[in-house]
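Working notes for the structure below.
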Ligand SMILES: Nc1nc2c(ncn2[C@@H]2O[C@H](COP(=O)(O)OP(=O)(O)OP(=O)(O)O)[C@@H](O)[C@H]2O)c(=O)[nH]1
Ligand SMILES: [Mg+2]
């Protein structure tokens, strides 16, 4: 099915993690500034791409009100976030998408021009001395290579597959780190208080 927007960009919001450091909460449904983290992520990516999907485990019905497809990790479940990236690539390919933007749901301050600033895929965001391996643009054509990587012996590190496809790091020199991610209650409190 062609994308009526004409964009070959797609986005996958990654929310398939366990959220252990937050006591096993559903990070996508966590409230920050009166809206869910998923609302923040959708607002970040929706103007940048032709279509958005969510990568998440468990009952998809809890996300029905957001009106976006929910992708499961499938047979690579348990191998970490690259399983979500692969599901995103397969979903993107089905509608003619050529490039996939991935964004973790716990990164609520990412810029709304992220994809443009990343440039040509494969590219990954870096800021404040850190590489944000899942804030990245992936060529959908790399899906078969990723499938082979996940069929391999591991480890299934995002940085391992990124190196294999020649991922280029793009530095974001913004004074406030746009890729702060919310892993703990202290992170959430700081974000709520505007300290990051
Ligand atoms: N699809 C998918 N996404 C994952 C998986 N593991 C982690 N992620 C996502 O990858 C991103 C980075 O993960 P973490 O920051 O470690 O977040 P988390 O797993 O939710 O939290 P912790 O359990 O506290 O580490 C988040 O957006 C997670 O939702 C997985 O197995 N599958
Ligand atoms: Mg995190």
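Cβ atoms are placed via backbone N, Cα and C, with glycine included.
What Swiss-Prot records for the GTP site is 14, 15, 16, 27, 73, and among 39, 59, 106 the residue it adds there is 106. Within the same chain, residues at least six positions away from residue 14 (GTP binding site) with a Cβ under 8 Å of its Cβ are 55, 81, 84, 85, 102, 103, 104, 105, 134. Under DSSP, residue 27 (GTP binding site) is assigned to a helix (H, G or I) in the three-state scheme. Proximity of the binding-site residues 14, 15, 16, 27, 73, 106 to ligand 2, judged by a Cβ distance under 6 angstroms to any of its atoms, singles out 106 in sequence order.
Cβ neighbour count for residue 27 (GTP binding site): 25 (other Cβ atoms within 10 Å of its Cβ, all protein chains included). Remark: of the binding-site residues 73, 106, the most isolated position is 73 (fewest other Cβ atoms within 10 Å of its Cβ).
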